[in-house]
Structures are given as structure tokens and as C-alpha cells.
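As C-alpha cells, the structure follows; a few thoughts come after it.
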Amino acid sequence: MTMQLHSITLRAMRMKMKSPFTTSFGTEWDRHFILVEIRDKDGRSGWGESVAMKEPLYNEETVATNWHMMKDFLIPLLFKNTVEHPDQVSQLFSHIRRNNMAKAALEGAMWDLFAKQQELPLSRALGGQRTAIEVGISLGIQDSVEKLLDLVAKYVEEGYRRIKIKIKPGWDVAVVEAVRRQFPDILLMADANSAYTLADSDHLARLDQYNLMMIEQPLSHDDIIDHSKLQKKLQTPICLDESIHSLEDARKAVELGSCRIINIKVGRVGGLTESKRIQAYCLSQGIGVWCGGMLEAGVGRAHNVAVTTLPGFTLPGDTAASSRYWEQDIIEPEVTVDKGLIQVPSAPGIGYCPVRRIIDEYTLYTETFRP
Ligand SMILES: O=C(O)CCC(=O)C1=CC=C[C@@H](O)[C@@H]1C(=O)O
Ligand SMILES: [Mg+2]
């Protein structure tokens, strides 16, 4: 059955995070992003969220480039073509190079709309079986080791299944050692966000003594080759994030031995369909997979919950509770975590209801497009 579209609305959103989030490449506090609403002719709404930031620091996309790509290229394609299943959307967009976060936001809204039309939870429409997902938490670089230890203690107490800390030169071995000394048994990992080079191999090998689950993206954001050389020198598994934009990238990284774990971010790989393909491939290759976060608001968070129900998602991801980031999220109910678990919603679609009154409060500007 054709997914007959009535309109597509883009909203440029601005939400102040509860606290700044610092990584090796910058600090995010004042979150700008695009919210997508696709309405069908029966009045249902499918929702998507672009994770592109205001500045091109994580990848080359920004809120402005996403708006341009959606308005001038991707939305016209959705209006001009007949879509019967959201798996067709990534194919429809495939002749357009990259711009994966823009593609993923629209594709995600189409998946949510499709699931609602089928009266299925998005998790089921994707082929997920889990009714609850294990989650971890990602902690930014702090002003002091003491502050970081306090945060680790807080979230371990709250039951998060895994702690991810950020590292960079000058904030790495000593910090990991301090966390490990106070928390000898927790599942612990480190994310470098490309802060190192192969010249740092011996220094990074010093982390092997702390039983980390993985070191995420130690080398360049667009590298696969040097990560394969580094993995041969480390006992600790390398996890790739920024380097993996597609199933093809995942295949090359796995065949070269560049990583043993992959962080799937729906926005980075261009959508839920490509995420499904990568998790299925990794499952077949014995490569661990988890769902990364991009400081999403409730709609993006809901998509992450749904995709994490797929069988290949074998490790706790970064989908923490709404209250970790927002005074007031844009969905009801908010995403909550109890003893490190999120109960997967059984309502149709993303299962959480975007609240227009709250969305309007955070909307800077909006534009609606019709076929
Ligand atoms: O959403 C979350 O809580 C995870 C945030 C997180 O770790 C990241 C968000 C955005 C870019 C990066 O800094 C980092 C990551 O690389 O995973
Ligand atoms: Mg990362």
C-alpha cells in the first residue's frame, strides 16, 4: 500500500542541555537540531530527528546543510516517488552523496509513519524482538577526576549497565586508572573521538591493563587502515564510530581487522534500513554492536530504543534517560531507565508521543512542504 504523503514539516529546534557535554573535539550545551514530521492523508504523523549539530565538528553535516538537503533534494524525491515500504527510502536517496544525517531524519519519520499505518510498534516493524533493552551512559570530559568519579558513582548507583568516558591526550591513562581503582568491576569503555595517531600506539597500549570493553574511535574520523594496524598492537577491542558510514565501510573494517566492535548511530549511517543491514552483517561476523547516541531529544532517542531491539545489538548502548539531558523532553512519556533497562514501548510507531506544546516552545523556525 502506497504511503500517501500529505505534508512534511521541518522544525529548527533549540534545546539547552542540563549540563555541557565535552569531548576531544568540543563542547555541546546549546543543542540545535531539526525535527521532521511527515503526515499522511489520514492525519497520522511520522516523526524523525536529525542529529547533525550546529557546527561540523562530529562530521561534515550541520543543521543548515541538513535543511538545504531536505528542502531542495530529499523531500522533493519523497513527493515525486511512490513509497510502499520505508526500506525503499534509502534506495530512493542513494544517488545523492553522503548527507546521511539528513537522509536518516526523513527515513526515520517514514519508518515511524509506516509502523503507525501498520499499527505496529517501530521495534516490531524493524524486526526487533526485545521488550527491554540494556543501556549504558556516556560521560563527557569533566573539570576534574573527582567530578568524573562522582558522576560514575551516581550512574552506577542508578543501575546503568556500562560507563563510557571520553579520553584525549592528557586526560586518558591516569583518568582510566582512577576510575578502575574505584570501580574495579564495572563495564567500562573509553571514547577518544579521533584524538590520537598511530604514533600514540604504545601510549594507548597502556590502557590494556584496565580491562576496558573497548576503545572507541582512537584514530582519524575517516580512517580504517591505521585502525587495523593499531588493533594488532592492542589487546583491548577497538570500536569504530565516526569511520563507519555504511555497510560497505563496516565490511571493509571487519575484513581488515580494524575493529572488533561497531557503534551504530542511525544518523551517521543514513537511517534505520542501513542500521539493520550493518547489525545483521556484524551478527554474522561475530562483531559486537551497540547503539551510539548523539545527545538526541525524545524523538531520536525513541528511534534508538527501537533499533536496539534488533538481535545484533549485543552490547549496552548510549541511550540514557531523557532526564540525563533535558529539563523537559519533547515526548510523553519521557524515556526512563530503571536499573539500566528501558522498557520498549508497545504503542504503534516510536511509541512515545511528541508534545506539540513543548515542541513549539523549542522551535526557532519551521517550514511545511506539500506534494
Ligand atoms: O547521546 C549520548 O549520550 C552519547 C553522546 C556521545 O558520546 C557522543 C555524542 C556526539 C558525538 C560524540 O561526542 C560522542 C560519540 O562519539 O559517541
Ligand atoms: Mg563515539
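For all residues, glycine too, the Cβ spot is worked out from N, Cα and C.
Residues Glu216, Asp241 are given by TrEMBL as Mg(2+) binders; from Asp172, Asp185, Asp191, Asp200, that same site also lists Asp191. Other Cβ atoms within 10 Å of the Cβ of Lys166 (active site, proton donor), summed over all protein chains shown, number 24.
On a Cα basis, Lys166 (active site, proton donor) lies 9 Å away from Glu216 (Mg(2+) binding site). In this structure, Asp191, Glu216, Asp241 are the recorded positions from Lys166, Asp191, Glu216, Asp241, Lys265 whose C-beta falls under 6 Å of some atom of ligand 2. Neighbouring residues of the recorded Mg(2+) site, listed in sequence order and excluding Asp191, Glu216, Asp241, comprise Lys164, Met189, Ala192, Asn193, Met214, Ile215, Gln217, Cys239, Leu240, Glu242, Asn263, Gly292 (Cβ within 8 Å of the Cβ centroid). Cα of Asp191 (Mg(2+) binding site) to Cα of Lys166 (active site, proton donor): a span of 5 Å.
Calculated from their C-alpha atoms, the gap between Lys265 (active site, proton acceptor) and Asp241 (Mg(2+) binding site) amounts to 8 Å.
Counting other Cβ atoms within 10 Å of each Cβ, the binding-site residues Asp191, Glu216, Asp241 show the lowest value at Asp241.
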